[in-house]
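Going by TrEMBL, these are the annotated features:
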DOMAIN    4-159  domain 'Glycerol-3-phosphate dehydrogenase NAD-dependent N-terminal'
BINDING   Ser11, Trp12, Arg32, Arg33, Tyr49, Lys106, Ala140, Arg255, Glu281  NADPH binding site
BINDING   Lys106, Gly136, Lys191, Asp244, Ser254, Arg255, Asn256  sn-glycerol 3-phosphate binding site
DOMAIN    180-319  domain 'Glycerol-3-phosphate dehydrogenase NAD-dependent C-terminal'
ACT_SITE  Lys191  active site, proton acceptor
Amino acid sequence: MTRLAVLSAGSWGTSMGAVLADAGSQVALHTRRPELAEAINSRHENPRYLPGVSLPEQVTATTDESEAVCGAEVVLVSIPAQTLRANLTRWTPLIPEDAIVVSLMKGIESGTGMRMSQVITDVTGIPCDRVAVLSGPNLAREVAVRQPAASAIACTSSAVATRLQALAQTPYFRPYTTTDVIGCELGGAVKNVIALAVGLSAGMRLGDNARAVLITRGLAETARLGLALGADPLTFSGLAGVGDLMATCSSPLSRNRTFGEHLGRGLTLAQATAATSQTAEGVKSAESVLRLARRHGVDMPITEVVVGVLHGRLTTGQAATRLMERPPGAERYAA
Ligand SMILES: NC(=O)C1=CN([C@@H]2O[C@H](COP(=O)(O)OP(=O)(O)OC[C@H]3O[C@@H](n4cnc5c(N)ncnc54)[C@H](O)[C@@H]3O)[C@@H](O)[C@H]2O)C=CC1
Ligand SMILES: O=C(CO)COP(=O)(O)O
């Protein structure tokens, strides 16, 4: 049986661990919490991140990082994006030679503006053709209870993407392969920022038309950035683009959308942060996305106002006005 490791046992890491086990592998999750490892091993449940969800017996957990990755052919990483570099620096010597590393994360590193796969290659030295990304409309809890979902697996090596596809294919989870790593990662990272904007608008009760505008123009600004960075624009019409945007912007399960909604209802950043127990990547990645856009001369007005609100430079009302009072223009998708 193929051995796989997932670092770590948060909501998405645990859900994907269950998918991979259902697809036929033995999966070791790493958690920093002994009580969580104990619950996963004895009760087959992750009570902190996925309470009430029954996990396959082939999913085990350990607090020992080297035990988790020992003998793993594939190491999947699912931690907050801004913690990746520090954690990976510690994990690198433990990762088996020839293992494939898969990013399940949706963020852009602050300071460097790197995508998660770039950070992985930068820290571990593992070449791009052994670093992959899984991204799509995958709300963790829905996947964990085995509701139907699909995703994109991106790697510059299509052989590696196809191998990962086989390892993750189940009757309820359908992975598609692609070689557009840049497009998949940007789709995942920027949709969190757009979901914050949609949440803001929902909290302010601006209506369904406003939500549709933000999703549509949010996709356009994502594609603009993607084009500037070398992505295939068609990726943004796919699962890692519009697919993920739709799921995240319409679901109450989305932490990013909910975070934005808290702000839109008048909570302060500190209050919204206190009300959020899981990772809302857009809060920290929004500024990195904006910096990346500015570095490449790309206009991202929605991202810009989200960053303005997060930094306290704009009220939510000013953010809405700022977008509506932009100079009139032709509707362009990505140019
Ligand atoms: N939850 C979801 O529906 C999905 C999440 N993702 C992405 O997966 C990534 C992880 O998110 P979730 O699992 O949802 O977050 P989560 O908040 O549920 O879990 C985060 C995990 O990282 C660990 N962690 C937190 N801080 C850490 C640190 N400083 N060092 C080491 N480990 C740390 C936590 O203990 C926990 O195991 C994010 O980039 C997110 O955007 C992607 C698809 C779906
Ligand atoms: O990425 C996700 C769905 O695809 C999860 O979105 P949130 O991180 O906003 O919960």
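Every residue, even glycine, has its Cβ placed from backbone N, Cα and C.
Note: TrEMBL annotation is automatic and uncurated.
Across the binding-site residues listed here (Arg32, Lys106, Lys191, Arg255), the residue whose Cβ sits among the most other Cβ atoms within 10 Å is Lys191.
Largest CA to CA distance in the sn-glycerol 3-phosphate binding set (Lys106, Gly136, Lys191, Asp244, Ser254, Arg255, Asn256): 15 Å, whole number. In sequence order, Pro80, Ala81, Met105, Lys106, Gly107, Ala189, Asn192, Asn256 make up the list of same-chain residues 6 or more apart from Glu281 (NADPH binding site) whose Cβ falls under 8 Å from its Cβ.
Only Asp244, Ser254, in sequence order, out of the binding-site residues Ser11, Arg32, Ala140, Asp244, Ser254 have a CB under 6 Å from ligand 2. Within the set of binding-site residues Ser11, Lys106, Arg255, Glu281, Ser11, Lys106, Glu281 have a CB atom less than 6 Å from some atom of ligand 1. If you take the Cα of Ser254 (sn-glycerol 3-phosphate binding site) and the Cα of Tyr49 (NADPH binding site), they are about 14 angstrom apart, rounded to a whole number. Other C-beta atoms found within 10 angstroms of the C-beta of Tyr49 (NADPH binding site) number 21, with every protein chain shown included.
Following the DSSP three-state reduction, the secondary structure of Lys191 (sn-glycerol 3-phosphate binding site) is helix. You'll find the Cα of Ser11 (NADPH binding site) roughly 11 Å from the Cα of Arg255 (sn-glycerol 3-phosphate binding site). Checking Cα-Cα distances from Asp244 (sn-glycerol 3-phosphate binding site) against the binding-site residues (Arg32, Tyr49, Ala140) with a 10 Å cut-off leaves nothing; none qualify. Considering only the binding-site residues Gly136, Lys191, Arg255, Arg32 (NADPH binding site) has Arg255 as its nearest partner by CA-CA distance. In this structure the C-alpha atoms belonging to Arg255 (sn-glycerol 3-phosphate binding site) and Ala140 (NADPH binding site) are separated by 11 Å. Across the fold, the C-alpha of Lys191 (sn-glycerol 3-phosphate binding site) and the C-alpha of Ala140 (NADPH binding site) stand 16 Å from each other. Around Ala140 (NADPH binding site), the C-beta neighbours below 8 angstroms that are at least 6 residues distant in the chain are Ser11, Trp12, Thr14, Ser15, Tyr49, Leu50, Leu253. Asn256 (sn-glycerol 3-phosphate binding site) has a Cβ environment of 27 other Cβ atoms inside 10 Å.
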